[in-house]
Amino acid sequence: MKLRNTAITRANSACLPMGDRVGVKYNSINEAEEHKGGHGIPKVSMIPLIFLIFYEVSGGPFGIEDSVKAAGPLLAILGFLLFALIWSVPEALITAEMGTMFPENGGYVVWVSSALGPFWGFQQGWAKWLSGVIDNALYPVLFLDYVKSSVPALGGGLPRTLAVLILTVALTYMNYRGLTIVGWVAVFLGVFSLLPFFVMGLIAIPQIEPSRWLEMDLGSVDWGLYLNTLFWNLNYWDSISTLAGEVENPKRTLPRALSYALVLVVGGYLYPLITCTAAVPIVREHWSDGYFSDIARILGGIWLHSWIQAAAALSNMGNFLTEMSSDSYQLLGMAERGMLPDFFAKRSHYGTPLIGILFSAFGVILLSWMSFQEIIAAENYLYCFGMILEFIAFIKLRVYHPNASRPYKIPLGTIGAILMIIPPGLLIIVVMALASYKVMVVSILAMVFGFVLQPCLVYVEKKRWLRFSISADLPDLPDVQEIAEDDAVPLVV
């Protein structure tokens, strides 16, 4: 990989005309090499990309049962519809616009850096990486929770700890072998995970009683569990942006893949919710994680129950693989932008970010002691912090640079774009306000650590204790101080 000294590059960037610094061009790495990257590794095509997004966001309807437990069938169904509209659609649209504007590894880190500068870009990367690693710590545990019914020894103690380690190492090795492998494994796992729910829905149709959909008791709604369940199952659309440099022709492929994945994710939630809540009597206390497999036994028998159990276990593997890919390529992208030491930018002979994969795997093992609810609440809090920075960057670039190159642009003007992010912005405030005191304190301390870490890395670079470089294949990003001066509107008397 060709590298440039970070100090020289930043100085050159500040001397460029405004239009040249914002209207960045990626022809050399994304248009001339459509099928293979600069390292000779095949790029990710449309179908694997759809399922990579599917697993970044969802992985199937496993875990959505808590929405019925928290609020009943009507609010659960309406919740997934409304949250998809006010959260998933805006986030996917912003990802499509910004991801094609900056089609490189690092994704949202680059968006925020281009609008707010490297300090806030680093904070975005730190919060999102930590959120992703916390999220990934959940999947080996969930996998074992499904398997322990057949192998009771995995329910706790040393056997469970060893199983978590072995599973993490095995899935980490698969990431090491290449993103194209991960993509096609995600396709197989996605089809295998969704198919039993399609079959169960068909079996459920003759037993549907529509009156069950209307059951609701506002006085007994657990709003914290309800909102966290919806939010956790419908976010992370922007995670795919950290892999944009590995995608075949991302300016065309990324927006289409996001739209197809949106239909797949939301449909994959609503179909089993609508069919199953009306096919069996509603006992809200029963609707906890894994209850769909119990419904499968009631409606179809032990064969369907076993199929959904197997699908749930394998789906967690798909979630782990794609989340680790996103996290590790984010670190690679940050290193290629000079935000992390050079060794994070080194690739294996499979083209994968070896150091990023190892760091992400270590984080997963370190955090695997956390409980399910603590994991969800902590990752949601950190994720919200990152989304605030994304929204600010999106609006700032729209306001100050409306004519910058955008291969895909949301068909809304500046006012429409601002109005679009108001509902998800309010949702972020609600989710953060509902966090427990423990989660809030731990998350804020984690963000404060990021505030300290970035200046420390700048100092390390200044002392030349570690090498930091910017990839010569990437265009320069604008200098934020220069932008502020160029964008200032003189007072005309």
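In case you wondered, yes, glycine gets a Cβ from its N, Cα and C as well.
Unlike curated records, TrEMBL annotations are generated automatically.
Since we're looking at a predicted model, the values are computed, not measured.
Per TrEMBL, these features apply:
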type	residues	note
TRANSMEM	70-94	transmembrane segment
TRANSMEM	158-176	transmembrane segment
TRANSMEM	182-205	transmembrane segment
TRANSMEM	260-283	transmembrane segment
TRANSMEM	295-314	transmembrane segment
TRANSMEM	350-368	transmembrane segment
TRANSMEM	380-400	transmembrane segment
TRANSMEM	412-434	transmembrane segment
TRANSMEM	440-460	transmembrane segment
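Most Cβ pairs within less than 8 Å of the transmembrane segment (412-434), among stretches 70-94, 158-176, 182-205, 260-283, 350-368, belong to 70-94. A Cβ distance under 8 Å defines the sequence-distant neighbours of the transmembrane segment (380-400), meaning residues of its chain 6+ beyond its ends; these are 22, 91, 94, 97-98, 101, 108, 111-112, 114-116, 120, 123-124, 127-128, 130-131, 134, 228, 231-232, 235-236, 238, 414, 417-418, 421, 424-425, 428, 431-432, 435, 439-440, 443, 446-447, 483, 487. Against the transmembrane segment (182-205), the recorded stretches 70-94, 158-176, 260-283, 350-368, 440-460 differ in Cβ pairs under 8 Å, and the greatest number is found for 260-283. The list of residues near the transmembrane segment (350-368) in space but at least 6 beyond its ends in sequence, with Cβ under 8 angstroms from a Cβ of it, reads 37, 39-41, 129-130, 132-134, 136-137, 140-141, 164-165, 168-169, 172, 175-179, 320, 324, 327-332, 343-344, 375.
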